[in-house]
Amino acid sequence: MKTKLDFLKMKESEEPIVMLTAYDYPAAKLAEQAGVDMILVGDSLGMVVLGLDSTVGVTVADMIHHTKAVKRGAPNTFIVTDMPFMSYHLSKEDTLKNAAAIVQESGADALKLEGGEGVFESIRALTLGGIPVVSHLGLTPQSVGVLGGYKVQGKDEQSAKKLIEDSIKCEEAGAMMLVLECVPAELTAKIAETLSIPVIGIGAGVKADGQVLVYHDIIGHGVERTPKFVKQYTRIDETIETAISGYVQDVRHRAFPEQKHSFQMNQTVLDGLYGGK
């Protein structure tokens, strides 16, 4: 399993870091087999797995439950788990309690915290407590209401400077890595050049030190809309629907199960039970 030091070396050698989300055992197993460097158990599971409208309804218990499954499927991959909405905002004590629960119960290797101003102290507290932290700036889904929707961040001079400043402060607070979401490629390049920690992009251009995408987006599974920044490599929904439709039709017409799918009783036993009928 790669470690924090390995990711720093990858940045130094300009070897792109590959991160992918996973929310369950089979997805994690496939991700590890395919060779991803890191798995993110994102609170995006609220929308892509649980059918919620946003990430706001996801709980600490949800994150623990799904991370456990991912850990079983990818025991040799570095796993980052999101701290969900309001689990690190109320107090330092509350933040540490929630973080400890996630790490101890799920086996996560690091925790991801969204936001800059107001979150630096949480980053520092977790780092001092021995819990590696991945920061997340730009479009932060937990704060989408405050940001005015799912929009590109840092497009004007003032907000761009703020993102650079917050990125530096995240590193100074102890973050081992930074995720930038929906940020202009030029700004990402500047931030990646400025920081000594790896910068992982999602909708942030090719100059980031690595990339992360949502598992369901890249395989075309259960997604109604594909964001501009996503490259969809296949659409398994079509294959799945075809298979289920075939099953429905076979059952309706008694074409399934066939004899090869059934179990047979010994004739002697059958005779004893029903007189051979």
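Keep in mind that glycine also has a Cβ here, set from the backbone N, Cα and C atoms.
Residues D43, S44, D82 are given by Swiss-Prot as 3-methyl-2-oxobutanoate binders; from K29, K97, K112, that same site also lists K112. Note: the Cα of D82 (Mg(2+) binding site) and the Cα of K112 (3-methyl-2-oxobutanoate binding site) are spaced 5 Å from each other. With a cut-off of 8 Å between CB atoms and residues at least 6 apart in sequence, the same chain places T21, T55, D82, P141, V214 near S44 (3-methyl-2-oxobutanoate binding site), listed in sequence order. Here the CA atom of D43 (Mg(2+) binding site) lies 10 Å from the CA atom of K112 (3-methyl-2-oxobutanoate binding site).
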